[in-house]
Amino acid sequence: MMFTAIYQTKKQLMILFNAAFILLIGFAICAHLYFGLQVEEFSSVGSSLFALLTIPLGGLYYYESMDTGRPIIAPLFLLF
């Protein structure tokens, strides 16, 4: 029954996942541009993407270096 519901909504789910992935890539590029020179975790777009994926898992140990480099942008970046 659950697989039937997922199968029937697969087009909508793919649109949702694609939109979320595009948004995540945009945040990774933004993080790289803002913090890439100050924070090693954002030194490339790929490492920025990995860092953004680890934030919900508690991987925010580099906030101090983000805040030191860009004190106004860092809290706003994590807010959104």
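All residue numbers here begin at 1 and follow the chain in the order shown.
Backbone N, Cα and C define each Cβ position, glycine as well.
Bear in mind that TrEMBL entries carry predicted annotations, made automatically and left uncurated.
On a predicted model such as this, the values are computed, not experimentally measured, just so you know.
According to TrEMBL, the protein carries these features:
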- 4-79: domain 'Polycystin cation channel PKD1/PKD2' (DOMAIN)
- 12-36: transmembrane segment (TRANSMEM)
- 42-63: transmembrane segment (TRANSMEM)
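Note on the transmembrane segment (42-63): residues 24-25, 27-29, 31-32, 34-36, 74, 78 of its chain, located 6 or more positions outside it, place their CB under 8 angstroms from a CB of the stretch. Broken down by DSSP into helix, strand and coil, the domain 'Polycystin cation channel PKD1/PKD2' (4-79) contains 61 helix, 0 strand, 15 coil.
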